[in-house]
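What follows is a single structure, written as structure tokens, with notes after it.
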Amino acid sequence: MADNRNGNSKPAKGKTNAGAGNSYSIDLKTFSQRLKALYSHWNTNSDLWSSCDVIAIATPPQSDEIRYLKSSALHMWLVGYDVPDTIMVFMKNQIHFLGSQKKVSFFQDVKKSAKEALGVDVVTHVKARSDDGSALMDAILGVIHAQPKTDGHDTVVVGRIAREEPEGNFLKLWFEKLKSANFQLGDVTNGLSDLFAVKENEELDNVRKAAFLNTRVMEKMVAKLEKVIDEEKKVTHSSLMDETEKAIMEPSKVGLKLNSQNVDICYPPIFQSGGKFDLRPGAASNDEFLYYDSASVIICAIGSRYHNYCSNVARTFLIDANPLQSKAYEVLLKAHAAAISELKPGKEASAAYLAALSVVEKDAPELLSNLTKSAGTGIGLEFRESGLNLNAKNDRVVKVGMVFNVSLGFHNLQSGINNLKNQNFSLLLADTVVINNDKPDVLTVKISKAVKDVAYSFKEDDLEDEKTEKVKGRASGTEALISKTTLRSDNSEKSKEEQRRHHQAELARQKNEETARRLAGDGSGSGNNRSTAKSSTDLVAYKNVNDLSPKRELMIQVDQNNEAVLLPIYGSMVPFHVATIRTVGMQSESANTNSASYIRIIFTVPGTPFNPHDANSLKNLGSIYLKEVTFRSKDSRHMTEVVQLIKNLRKRVLSRENERAERATLVTQEKLQLAGNKFKPLRLNDLWIRPVFGGRGRKIPGTLEAHANGFRYSTTRQDERVDVMYANIKHAFFQPAENEMITLLHFHLHNHIMVGNKKTKDVQFYVEVMDVVQTLGSGKRSAYDPDEIEEEQRERDRKNKVNREFHSFVDRVQDLWQQPQFNGLELEFDQPMRELGFHGVPYKSSAFIVPSSNCLVELIETPFLVVTLSEIEIVNLERVGLGQKNFDLAIVFKDFKRDVLRIDSIPSTSLDGLKEWLDTTDIKYYESRMNLSWKPILKTITEDPQSFIDNGGWEFLNLEASDSDSDQSQESDKGYEPSDVESESESEDDSSDSASLVESEDDDEEDSEEMSEDEEGKTWEELEREASNADREKGNESDSEEDRKRRKMKAIGKARAPPAGSIPKRSKLRR
């Protein structure tokens, strides 16, 4: 790994290392608490701190290696960040920080906290870039000389970490000055170890999340090993190591919502087999193939870190084990359990190893010489915490809050087989254990160590029994994850809310089953949406050498006509097509105009992540590609001109190719068959179209005609014509004008078409039924003005006339679509139901969004909104809670590659009506009290659909389920789900450790909802809804009696949903 790793390099909460910038902050409360703990431990346990008067901590520079340093651990523990290449000096009344400007500025914020907490002054010393810091060091050493001496010492005792040798000139100079300053030097390693040994709750939570990540990754790799062995594939240990490391570094691949910036490995994952074993954590996975023949052993060890807190797990797998191997593993399993059971508060650390030793002495004394010399170590910010080794001599007392990596094994055992691959074998078991008051908590217990789960038999006689056993084991594990909904008796009276809740529970079950089947059939669902790159054979600058211009001066040239750049290479002009150039840039050596300049050209190389192989490059995998070239010249003017010419030419070529590629994606439509002599085309006149045609000049209306197999819209201009085929229509809408200014026909298409120069899937034809802009006179307007009354009557007459014309056209087209040749298309005009509509912001502006029988639409404002109900996976109602005036709606589609559609700022008064409509259309909805980040959620699902299915599908959004499980989340390992997402609320009462992205509602809110259901009488919302329905039933005075009756029947039919059993199912998507 190439990350900067001083063992604790990754900062807390996903922020960068201190010193990389100042876009970070220290948790001052935690700093104050831990600074007090440091000084208190220093004062009360002086023997562990070598009775020092001053503590000097020098943190070395960053390193690419994985290493664990006490100095870095102190930084992480105290301020939450690793601040490398700095010097910290703790005195009784002062704390001195010495380092560069950026690093020292990091400690400016702690001055006040340190003063308030302990009364100590924080003094910072800034080392200039060109300065070696000698004078600043002398100043600090002078302050140390003035410190009071401990009784019995002639000089000041300065404590340092003796095992950490100084690195770099800066720290080496400090160490030399410290040695020559006539101080007595002591070692504070034991003091720091004891200080870090007992973990706070926040630290334990980080260890738990690291252990949970280990568990998930190990489960994934065990399944991988089973598949490799079952299919007899050849896989190297190093490739398994790489795959495991990627899974750790990207937790979403194993179904966890942990921020990848907070995650790292403790050591490169270890896979060993084939007789070559090394039980040390620093062992490497070699490039040999995984060996899984009879009597073979496979060791897998994984260590991960979260917020720099470590966790470790190791397992051994036996393939057709012989009796000796089986006995050795059973003894090791028993000894490992005995060691863990002895880790109790008040006992010495040696008791764990002695317990394991006793088991081996009793059950297999011949294996004593092969037993590891310790049963593990303490673990935390360091992978091995010194002073907490679980060996036979350590008399340190175990305390509550300590964490141990209990690791026990047998090495270099003999199997009695002559085959070199399995003649020697080793066994290893390791778990992360937290010390509690009652019994140890094994954080990695979910990865089974039982013989039946790690011993595999592939012999023909045992194959069927083994498969049956494993299937039963897995089935019993998954049954616990399936949420069961208990319904009340049908004989009891249920409220509408209860009916809806139970119906939604049934929809959740059906939806999860449907999603599981779809994901299982479609794989991960993730696809590569990149457009196919132009084949390298298509990029031809010159067809032959003779087309090159005669040789001129050897300098970079740009051939605009042939779209080529000619570069002088070894005395020849070599042409490159401009499309092969990825970037070009120029840089000068200095600001001097006479200085030389460099031009750097980087080419696209097939086979890289952003430039996949095309058909031609796959045929020539052995080809060598030029990656980049750099030229140096003193003619900066010419260099600038060349760079500009290349950029302009490249921009022009790419623009042309992109436009060509976009048109190439259009699906070829069938040719329109004009009505001719068969029948007179149906026609609507004086319509406008959206999107509008491009070009200049005054926009003019056109005519829409219905022909044999499609519509044609045309104006008097020859180039303004659009054909819409019936077969390409996905949804057709007719929306008459009521409160709007327009009456419209809208077609949502399967495939894009071109309207002018615009590519679109939505085409709309409309008529304005009244003037959008009215001129208001300066005089006072009266409601009884005859002119006003006459004008309003004319507008109503025009609106009714236009609506009747559109309605007549729609009816005739609908009759046309009833003919046999159109049966397969299932075309029908859908009319939005305004009484179910609600206001919201689907894009940038507020709009009135209306459901129809098959869709959710907004057809007035652009861009249009058309959502097919059958394509919706689930709906999440976000920001739902008491006191909220608005809430948001997130629509997740069945195609997880589509972005989640958000409709924001929906009034809370529309919540009940929206829930009722969603329930009647059989759409599963969830509620949450905050907005969710859907991109990482969908990415996690598509990358690892099996984990999504195993964890209950969409039930992680279930607010009621999260409420009921929140009380058990801290005690149950099965319910523990770590997450980086933190609640925005800072309430002290909120102590839930639930990892769900959805916050739980309070119990008080649930009680209030139940009380409100039992209350008698109508609420203000119900009264207001009835009043609005009554107004709607009355209608306008000028409306016909028939219109009023039809509107009244529609209002009665839609105002309240029928009982759940009688709800009509919405019609299926017509194709």
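Quick reminder: no glycine exception, Cβ is built from N, Cα and C everywhere.
Keep in mind that this is a model prediction, so the values were computed, not measured.
Taken from TrEMBL, the feature domain 'FACT complex subunit SPT16 N-terminal lobe' covers 26-192. Marked as region 'Disordered' by TrEMBL: 462-538, 779-800, 962-1071. The feature compositional bias 'Basic and acidic residues' is assigned by TrEMBL to 490-520, 1017-1037. Marked as compositional bias 'Polar residues' by TrEMBL: 527-538. Look at TrEMBL and you will find 556-713 tagged as domain 'FACT complex subunit SPT16 middle'. Feature annotation from TrEMBL assigns domain 'Histone chaperone RTT106/FACT complex subunit SPT16-like middle' to 838-928. For 979-992, 999-1016, the entry in TrEMBL reads compositional bias 'Acidic residues'.
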Report, as numbers and ranges, every residue of the chain located at least six residues beyond the compositional bias 'Basic and acidic residues' (490-520) whose Cβ falls under 8 Å of a Cβ in that stretch; write 'none' if there are none.
873-874, 894, 915-916, 919, 922-925, 941, 945-946, 948-949, 952-955, 958, 1013, 1057, 1059-1060
Over the span of the compositional bias 'Basic and acidic residues' (490-520), count residues by DSSP class, listing helix, strand and coil in order.
25 helix, 0 strand, 6 coil
With DSSP helix as H/G/I and strand as E/B, how many residues of the domain 'Histone chaperone RTT106/FACT complex subunit SPT16-like middle' (838-928) fall in helix, strand and coil?
16 helix, 42 strand, 33 coil
Kindly state the mean pLDDT of the domain 'FACT complex subunit SPT16 middle' (556-713) in the predicted structure.
81
